[in-house]
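These come from TrEMBL:
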type     : residues : note
TRANSMEM : 20-45    : transmembrane segment
DOMAIN   : 35-283   : domain 'G-protein coupled receptors family 1 profile'
TRANSMEM : 52-72    : transmembrane segment
TRANSMEM : 92-112   : transmembrane segment
TRANSMEM : 133-152  : transmembrane segment
TRANSMEM : 186-211  : transmembrane segment
TRANSMEM : 232-253  : transmembrane segment
TRANSMEM : 265-285  : transmembrane segment
Amino acid sequence: MNVTYISLKGHVEIEKYRYFYFFMMLPVYILIVCSNCTIISLIVIHKNLHEPMYIFIAGLLTNSVLFSTNIYPKLLADFLSNEQIISYQACLFQIFVFYSLSGSEFLLLAAMSYDRYVSICKPLQYAIIMRKTIVFILLGLAWIVPVCHLVYPVVVFANLELCSFTLKGIFCNNSLTFLFCAGPKAALTFGLVIMFNIVILPMLFIIFTYVKILAVVYKSCREVRRKAAQTCLPHLLVLLNYSCLITYDIIIIRLESNFSKTTRFIITLQIIMYNPLCNPIIYGLKMTEIYKHLKKVFYKVRHDCLSRLVSVTIQARIYLDNFKTQRFLELQILISTSTVCI
């Protein structure tokens, strides 16, 4: 079976800076996985966090981990490789996962905005509307709908002939369409439909829900405004942060903007770093209940570390005292033996 390989030519002076890139991005990936998984674990473990808002947050952070895992392992391997190449099949899979999870992010944010809308605008009906069954259906749809949308374009791409094998990027994305001999008009048209369905519609829905929320909050007391800001601000920050991804995709890839190679490289690294890193920080610090549990975890870890350090110090002191006593007794016996001999 013949395997077609695509060269990734988006790296900047990789021969000179490969180890710098690797040791810069490896801690970032570890931090992304650890920070996101910590908050997901807190939400799973603590029953008071088993509410729709926190379940959606857990879904969003899971999405961030999957999104990063789709890119970072291959990226880190490329930094240490002599050739930055990827098989065509693997490239298509990376595109499929990349855009599926990107679409899921917007749908999850739309589900979260709906949850906030019901909570603030229809508080008496909240328990009835946002039942756990509805929450898990919304979660499932957020991942299934983008997958269903992207199956057709990927199948079309898999059957098209390539005229170029060099991609201007550090991972596979929509710029792959410029490598085909004939422009896949059907796939590009379907791409616009996908963008409208899983990006523009969710964003319009989010804007609509927040306009309704602002209208209700404006007429409410200060306490309601404070609680609304406390739960809605993190959501808006994440939405603004992630919207940069689609802006990048449209401006640089779709419109073939004439940015330099270095600028493309820096922007791409920022896109794959900022959102997965910011999500756990925003939700960990801004959501009061999560922050409380997070503080308890840090205090427990610090207490355990200090206890272990004290324990090791005491054991070392005891061992040293015993060692000194033993040496002293040996010296006494040696002196006594020497005296008898004399």
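Using the three backbone atoms N, Cα and C, a Cβ is placed for every residue, glycine included.
Cβ atoms under 8 Å from those of the transmembrane segment (52-72) belong to residues 25, 28-29, 32-33, 36-37, 39-40, 43-44, 94, 97-98, 101-102, 104-105, 108-109, 111-112, 115-116, 119, 130, 132, 135-136, 138-139, 142, 171, 231, 238, 272, 275-276, 279-280, 283, 287, 289-290 of the same chain, restricted to positions at least 6 beyond its ends. Between the transmembrane segment (20-45) and the stretches 92-112, 133-152, 186-211, 265-285, Cβ pairs under 8 Å are most numerous for 265-285.
Residues 53, 56-57, 59-60, 63, 66-67, 70-71, 74, 86, 138-139, 141-143, 145-147, 149-150, 154, 157-158, 171-174, 176, 194, 198-199, 202-203, 205-206, 235, 238-239, 242, 245-246 of the same chain lie 6 or more positions beyond the ends of the transmembrane segment (92-112) yet place their CB under 8 Å from a CB of it.
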